[in-house]
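Q: Let me begin by handing over the structure; questions about it come next.
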Amino acid sequence: MYRQHEHGLGHGRGPGFIPISTILLIVANLLIPAAILVFATGFFPYKPFLPGLAEYQSVVSGPPPEAPFDRVIFMVVDALRRLIANGVAMPYTAHATSPTITMPRIKAITTGSTPSFLDAILSFDEADTSSTLAAQDTWLAQMRAKGSGKLVMYGDDTWLKLFPGTFDRADGTSSFFVSDFTEVDNNVTRHVSGELRNDDWNTMVLHYLGLDHIGHKTGPRGPNMLPKQREMDGIVREIYEAMNTHPHLESTLLVLVGDHGMNDAGNHGASSPGETSAALTFVSPKLRAISRPVKAPADFVEDFQYYAVVEQSDLAPTLGALLGFPNPKNNLGAFIPDFLPFWPQREDQLHLLTQNAVQIFDIIAAAFGSSTNACRLQSRQCSQLPSTAGELAGEWALIEDAATAAFQAESPSSSESWDKWTSDVFKWLNKAQTLMTTMASNYDMNRLISGAMAATVALGAAIASLAMLSTVGTSGWLPFSLITVLYGVMMFASSYVEEEQHFWYWTTSAWLLSLGVKRFGTRPPGTIHRSALPVALLATAVFRVIRAWNQTGQKFAGEPDIVTMFLAPRPALLWCLVIASYSLVAGQLFRQLSIAGIPILVAGSLVSGLVLLTLSFKLAFTIEDAPELVVGFARSTADIFVPDGGPDLVTRARAVFIGLGLTALWPVVMLTVRPAAWTSKTCGSLEISVTVLLLQFAGFFAMGGNNAISGVDLSSAYNGISDFNVVAVGVLILVSNWAASVWWMSAGNLMLLAGREPSPADAAIPKESGKTTKDSGQSRDGQWNVWKQHVGLLTVFTAASLVAVMAACTALRTHLFIWTVFSPKYLYSMAWSLGVHLGVNIALGGLLFWLGSSR
């Protein structure tokens, strides 16, 4: 049993006196969210944009050329394998920059700009309206300004959130009900035939979600993937046939685009080749005149770049030229050169390229100030600009002079000189695009430093509090200190951040083994500690199995693991594990109810009811979510427990969660009644805290978590709710993704409570002695000092990890992987600090500890 001390600097107590250690611990945990908020506002600042609607600028080539198309059908979906070989489609691989999530990708596609990484957070809140594009210039706004027809949209309601009031007809579908493969697409397809017959629109947006949902649930090679792709091909065929047969659609352009790809595990949000390589195809009979032969289907390519690579932002200026509207004001995309043959006249090509370059130059001038235009006019002014910006301004002055000379020449320029000019323009556009998408001038350094300093103060306060509370010698803190320091150093290496799970796997295995060796070496003869080493070896072996349960990280994502190799192809084995888990919990619950004196008939009825309720919900949910898993005896059982006309899924879920919540509190009740049964099995409080810390992190990664946004599992985000609620969805996302961390918080509290009983000698003191009240108060103080020490240790690690991540993000803010590795890591640090540490370990853990210690 661990020791409890009653006196010391941090524990003096008088009337109305709060121990200094408690005050410091409170201050540290208040500073943590403050530091996170301040740092986040400097690291994810609001990105400024040029207001207003763009207009054609005056250039030497005269008025804009005629557009070859007057309508566009913008279809967001993955994969296209037909029509390409006939020359009526021009395919590309559209590179999607991180974060590869729908909302920021739609922003990039419609504005041509690079969205803020903050959109990755806002995309999880369906009720958010702060990220609207209503005030920004987009190609949708330009099509509406043309006044040639209405705008219609069917599919992902993210479009309605981003463009409120833009669409004249719309039917949105929630994008986060990822279990639905069918209705989300049928809701779009049922509108297609009717809209193809209408002639009152100039823009139709179709956003199909089925493929994305299948990827989340079963991966890119799941059994539902090919049927869904064939369904999408059928819709493309219907649209193309309508373009050929309906006169009002003869000048319509069909654009098929994937807002993002997916990795081998079926997720997205990070920067792996599969996630950033999205499909892009332009389809129209008119394209036969300019398209080049391509192989379809293409041969497999490791990095998924099957066709020419363009940026997703290149869509905006390309659509502007093809449909006849100015480039959006904040566009950073470059016109796709393959479409230049649509305009054989060189003055038309000159106009298109000049408009694109001048528009991007305006953004550069807005970013770097008036000295940019001065540099463009006088090369000696370029020294006032950053090197790349100065080079761009000087180079554009030369290109502009060459364009003016070519246009004013009496005889047209030679083909060779013209090709050189266009090549120079495209090189300049790509260089400008790279500069503006990677520039880091939006960081607020004052806020970054202030946030990091606040986290450092929190760390100092937590260390001071822990020093006052602890009774452990300096050498006892060595393992925890070593883990904390190594973890902090690891945050400065992108590869280690991506593969963080290995750090926790190895440290946890070493820690479990060291506990066994320590107990074996110090065991008193004839005590329970004699079996400590075999138990530690068994725990280490079991932990090794847990490590192989799910492949996580980036390097080995999608590789074979226990789930994919043994459980997924064998539904019967999966159901056996489910039944075994239910039986184990039911047996333990029944035994504890019986020991508590509840009649066997009543205890059996309660346990049986809860098990049957849980099993019926599991079957009902699986029938809706993955019906292919309900086979054999599971199908027979479902016919009994999930009859037609029974309670709906939401009602079943709520009933189960209420029962599970009551069941989760039972161990605390048992500790209140019979805590001595646990006393001989506990470790020291420091060992318990370190074990909980390690297993919270190791369990998170073992259940499939990682440091990429693509690792967020949304499959359980809507359990038990019928409509979107940001609080409920947020809690469900936290609990489902950090279930192992929540479990180990509860287990840690049980172990801490187990060692709180007074010695048998103290317990034998007669109540009449007058010592009961005093001893009880001292015992309760000792109990809470133990819990405060536990919280203090977790707070030290949380604050130290925040300092390390903040320092890494600040020092590496110009690093190549800042938005693909370090920014997602900061978001996960926010989740660990606010959700797990403050929400789970302190709020929920404190509640459970209080319930367990009150009797």
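Every residue gets a Cβ built from N, Cα and C, even glycine.
TrEMBL annotations: computationally assigned, not manually curated.
Just lifted these from TrEMBL, have a look:
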type	residues	note
TRANSMEM	20-44	transmembrane segment
DOMAIN	440-676	domain 'GPI ethanolamine phosphate transferase 2 C-terminal'
TRANSMEM	448-469	transmembrane segment
TRANSMEM	476-497	transmembrane segment
TRANSMEM	532-550	transmembrane segment
TRANSMEM	562-585	transmembrane segment
TRANSMEM	597-621	transmembrane segment
TRANSMEM	653-673	transmembrane segment
DOMAIN	682-853	domain 'GPI ethanolamine phosphate transferase 2 C-terminal'
TRANSMEM	685-704	transmembrane segment
TRANSMEM	724-746	transmembrane segment
REGION	762-781	region 'Disordered'
COMPBIAS	768-778	compositional bias 'Basic and acidic residues'
TRANSMEM	793-818	transmembrane segment
TRANSMEM	830-851	transmembrane segment
Q: Test of understanding: applying the rule of at least three C-beta pairs under 8 Å (pairs 6 or more apart in sequence), is the transmembrane segment (793-818) touching the transmembrane segment (448-469)?
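A: Counting Cβ pairs under 8 Å, at least 3, so yes.
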Q: Report, as numbers and ranges, every residue of the chain located at least six residues beyond the transmembrane segment (20-44) whose Cβ falls under 8 Å of a Cβ in that stretch; write 'none' if there are none.
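A: Same-chain residues near the transmembrane segment (20-44) but 6 or more away: 9-11, 116-118, 121, 443-448, 450-452, 454-455, 457-459, 461-462, 464-465, 468-469, 788, 791-792, 795, 798-799, 802, 806, 809, 813, 823, 826, 829-830, 833-834, 837-838, 842.
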Q: Taking contact to mean 3 or more CB pairs closer than 8 A (sequence separation of 6 or more), are the transmembrane segment (793-818) and the transmembrane segment (830-851) in contact?
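A: The transmembrane segment (830-851) and the transmembrane segment (793-818): touching, yes.
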Q: Any residues 6+ beyond the ends of the transmembrane segment (830-851) with a Cβ under 8 Å from its own?
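A: Beyond its ends, the transmembrane segment (830-851) has Cβ neighbours at 29, 32-33, 36, 40, 665, 668-669, 672, 696, 734, 738, 741-742, 745-746, 748-749, 752-753, 787, 791, 794-795, 798, 801-802.
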Q: When you scan the chain for residues with a C-beta under 8 Å from the transmembrane segment (597-621), skipping those not six or more beyond its ends, what do you find?
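A: For the transmembrane segment (597-621), the nonlocal Cβ contacts are 578, 582, 586, 589-590, 630, 634, 637-638, 641-642, 646, 649, 652-653, 655-656, 659-660, 663, 719.
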Q: Taking all residues of the domain 'GPI ethanolamine phosphate transferase 2 C-terminal' (682-853) together, what is their mean pLDDT?
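A: Mean pLDDT across the domain 'GPI ethanolamine phosphate transferase 2 C-terminal' (682-853) comes out at 80.
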Q: If we skip the immediate neighbours and take only residues 6+ beyond the ends of the transmembrane segment (685-704), which ones have a Cβ under 8 Å from one of its Cβ atoms?
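A: Hits for the transmembrane segment (685-704): 2, 265, 470, 472, 476-477, 479-480, 483, 500-501, 504-505, 507-508, 511-512, 515, 543, 546-547, 549-550, 552-553, 711, 713, 737-741, 743-745, 747-748, 751-752, 755, 786, 789-790, 793-794, 797, 836.
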